[in-house]
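Enquirer: Can you keep this structure in mind? I'll have questions shortly.
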Ligand SMILES: NC(=O)C1=CN([C@@H]2O[C@H](COP(=O)(O)OP(=O)(O)OC[C@H]3O[C@@H](n4cnc5c(N)ncnc54)[C@H](OP(=O)(O)O)[C@@H]3O)[C@@H](O)[C@H]2O)C=CC1
Ligand SMILES: O=C1O[C@H](COP(=O)(O)O)[C@@H](O)[C@H](O)[C@H]1O
């Protein structure tokens, strides 16, 4: 039997044993993501004793910030955003190794200063330190940062050793097929693919990883996981929040780029891919790419496979909220969608004829991410005479919130007459395991330190997904044609309902 207990994906909390001394360098260290997610993630890893010995944190940005001032900002971020209270014991261990380098993202001299700073750290430590560069800036400076790391030699640091440089790249990974290819070319000009970690934070969510376990560690699903038993699959990523203060970014993005092309497609790929030959990053990513390649090109014509809409005014939590076009920083005639609905057909042996419906929207009725696998109705002959509506079985993976897994079955209502109704079998993470689960960024930063790319996107994966959606973006570009409206606080627009109705389906209300 293969000794799979040593595989990084399975090593869990003992993984830190494999992480070499590491210096995490965050580009964009004064930014929102650093404050809300990255610094709290590092802190929680420290609290769980998961950081390697000789761990260093270096902030990098254009603002001049003294080391001590950066430490104070980091401590404030932990107080405000960490899932744990700030404890002096834990923080002191990181604080003394937290520093800041000021410089432009295209300034060769600043990159040399960064390289010198890393060398100083290595001298103090007395051994090689693996640099892990985290690019957490707006995408306009991804390329200059990558090129800067290349020209000052940092990208190749310790390349022939286990302590080689690595780079994490934030989303969005391009804005269409051509720009994703261009970014991949820039990356490949500087780094080797095994050094590159393209983030999709949904892959760091516990329940998304659980999808692999549920599918491939339980014998009961696989025999049913195909067109013979499954009628349709619905993937919903619904948010309550509106565009908030991110109008500038969102106007350039929209739901398709912001959520569908990346997060929702990752959920789809893990749900529909074939079993990988092993848990190796490449084996899993090969299967995801194979699946993405099997998706039929989308019909972008009206009445086809794609719908879009913007939220209008409505009520959220009992309070009135403005529509998208009234939000700050949004053009009154904006053609940016806040909701996208997609119907996908997967052209392979397993899924031929099974529609996969994806939807994601802001200002929807409830924050919920779920994958609902709807089975075919059972033959009704036995109970048909009783006038019963025999419900289709549905297996739903609740990704967030209230993480868990539910199955809808038909059950007999207790009593002397035979009546039936759908009943729900429920597994909830919080009930079984308690509620203090690690945040996605904790797992992802740790995995990159270890060198495990399983939960990151490979270059060809990003391009394959963009290939599917670029024709949609081109069809939508600058035009409001086909743009529907949905009331804030509702379950979405009527054009999305119509898309499903055309195949006699309806959206679930999760
Ligand atoms: N914030 C979030 O919730 C999420 C963010 N992301 C991604 O993470 C990355 C960082 O996001 P976020 O922290 O929100 O970004 P910010 O807008 O907060 O920018 C991060 C830092 O980059 C520098 N910066 C800002 N604008 C520019 C510019 N035009 N040119 C050069 N540098 C600039 C600033 O640092 P300084 O001036 O000090 O150089 C800023 O503090 C982005 O790629 C984003 O898409 C992904 C998921 C969620
Ligand atoms: O990447 C993004 O994700 C968030 C939603 O993330 P979640 O972990 O809270 O589900 C979304 O609000 C944002 O627009 C998008 O850029």
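Any Cβ shown, glycine's included, is placed from N, Cα and C.
So TrEMBL lists these for the protein:
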- 25-209: domain 'Glucose-6-phosphate dehydrogenase NAD-binding' (DOMAIN)
- 28, 29, 30, 31, 32, 33, 34, 35, 62, 171: NADP(+) binding site (BINDING)
- 201, 205, 239, 258, 362: substrate binding site (BINDING)
- 213-508: domain 'Glucose-6-phosphate dehydrogenase C-terminal' (DOMAIN)
- 263: active site, proton acceptor (ACT_SITE)
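Could you place these features in context, so I can see how deep they sit and what lies close by?
Expert: When secondary structure is read from DSSP and collapsed to three states, residue 28 (NADP(+) binding site) falls in the coil class.
Residue 258 (substrate binding site) carries a helical DSSP state (H, G or I).
Across the domain 'Glucose-6-phosphate dehydrogenase C-terminal' (213-508), mean pLDDT in this model comes to 94.
For residue 263 (active site, proton acceptor), the number of other Cβ atoms no farther than 10 Å from its own Cβ, over all displayed protein chains, is 22.
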Enquirer: Determine the most Cβ-crowded residue among the binding-site residues 62, 201, 205, 362, using a 10 Å radius around each Cβ and all protein chains in the structure.
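Expert: The most densely surrounded of these binding-site residues is 205.
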Enquirer: Just to be sure I understand the contacts, which binding-site residues have a Cβ under 6 angstroms from any atom of ligand 1? Candidates are 32, 239, 362.
Expert: 32
Enquirer: What residue among the binding-site residues 30, 34 has the most other CB atoms lying within 10 A of its CB?
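Expert: Comparing the binding-site residues 30, 34, the most crowded Cβ belongs to 34.
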Enquirer: So which binding-site residues out of 30, 32, 34, 62, 205, 258 are up against ligand 2, CB under 6 A?
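Expert: Within range of ligand 2: 258.
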Enquirer: On a C-alpha basis, identify the one among 28, 30, 32, 34, 263 that is nearest to residue 239 (substrate binding site); the candidates are the recorded positions.
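Expert: The answer is 263.
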